[in-house]
Amino acid sequence: MQISCLPISIPSITPRTSIPLLPSLSSNPRRIFNLTSLQSPNHCFFKRLHKSQTGFSNPVLAAMRREEDVEVDDSFYMRKCVELAKRAIGCTSPNPMVGCVIVKDGDIVGQGFHPKAGQPHAEVFALRDAGELAENATAYVSLEPCNHYGRTPPCTEALIKAKVRRVVIGMVDPNPIVFSSGISRLKDAGIDVTVSVEEELCKKMNEGFIHRMLTGKPFLALRYSMSVNGCLLDKIGQGASDSGGYYSKLLQEYDAIILSSSLSDELSSISSQEAINVSIQPIQIIVASNAQQSHILASSHTVEESGPKVVVFTAKESVAESGISSSGVETVVLEKINLDSILDYCYNRGLCSVLLDLRGNVKDLEVLLRDGFEQKLLQKVIIEVLPEWSTKDERQIASMKWLESKHVKDLQSKQLGGSVLLEGYF
């Protein structure tokens, strides 16, 4: 049952915590308005804030409703966990991004996220933040707490020691070392456990980590730009590589990017501009078609300590040597250049996600692209449609005669300035 009411004035009500009247509720977790404090026999519908509202309209409290048999705010707090986890985007591989909040009497008393591999997990930071207030509180965490000793102690034991009353989990950990054992340990300790709250949101955030755990391969996405008549374009849209642009965010999100050797002079400019991750850039993977090209690529670029790392792949017949050149560029020699071997290299380096960027000389990457489709190694496609009509027939996607029809699932689109961005899954 849903009961709605007209906006009402609330100047005479003194809440337990300050009310942020204009900003979004998510702007400051310690200032979340606790509606429970307004409960009275005459106003029982104040139990739950309608989550379609982004905040409060000053000076009135907007649409309220009561929902039967729904626990207050589980989804809201799990979305907060996801927001926290994404603060470490691009920094955690081979670990997942995880966020945690501790809630007591309707207030967030602690929060944390996993910043990078080897550092404490989200639950530890959140429990430290909450201190003694964690006792009898509810812990929300986007991924099942670990139950083993690795580089850090088990998070299950930290939650048990803190005497939390309840744990709400976004998704079960696909890591076979953890899988459901964390849930079992918490239940055995007498803690109430709820699983699969905002599960799809939590899964999407860590699709690279999940794919790596289930398949032993990094998550691989294909990106390209095209004209409105279906020709590949050797550029990205205006502002796409600037801070906040979709391409800059992609470079922040993915652990490695495969590029055409024709872009070798532009490598220093192919980097994420996102402020929170400006010093951590994806590994740039270049495929050299011959020994001369391999030598030029390895010797002509100096890798800065804080800049993108460059790895050149070359075939054995090119008579190159594996190793790192004086300029800091790594050379990897393979029996034969193929996508599967490159992905194995990325997996062994602890990478969760790889972006195949179809720019520059597409012929450089056609073998890898064909491998991706024929061996079903591609999971996602990202297409930027630019407002242009091209007359270059040789760059028509249809010219790739080996390419078979593919069904794209969960296709989404959004307009970015004059371009349209399409994203979907194979």
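Cβ from N, Cα, C; glycine included.
Since the structure is predicted, the reported quantities are computational estimates derived from the model, not experimental observations.
According to Swiss-Prot, the protein carries these features:
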type	residues	note
TRANSIT	1-61	transit peptide
DOMAIN	72-194	domain 'CMP/dCMP-type deaminase'
BINDING	His121, Cys146, Cys155	Zn(2+) binding site
ACT_SITE	Glu123	active site, proton donor
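There are 25 other Cβ atoms within 10 Å of the Cβ belonging to Cys146 (Zn(2+) binding site). In sequence order, Val98, Cys100, Gly112, Ala139, Val141, Pro145, Cys155, Ala158, Leu159 are the residues of the chain that are 6 or more apart from Glu123 (active site, proton donor) and have a CB within less than 8 Å of its CB.
Across the domain 'CMP/dCMP-type deaminase' (72-194), DSSP assigns 43 helix, 24 strand, 56 coil. Other Cβ atoms within 10 Å of the Cβ of Cys155 (Zn(2+) binding site), summed over all protein chains shown, number 31. Neighbour count (other Cβ atoms within 10 Å of the Cβ, all protein chains): 26 for His121 (Zn(2+) binding site). Using the Cβ center of His121, Cys146, Cys155 for Zn(2+), the list of other same-chain residues with Cβ within 8 Å runs, in sequence order, Val98, Ala122, Glu123, Val124, Pro145, Thr152, Pro153, Pro154, Thr156, Ala158, Gly182.
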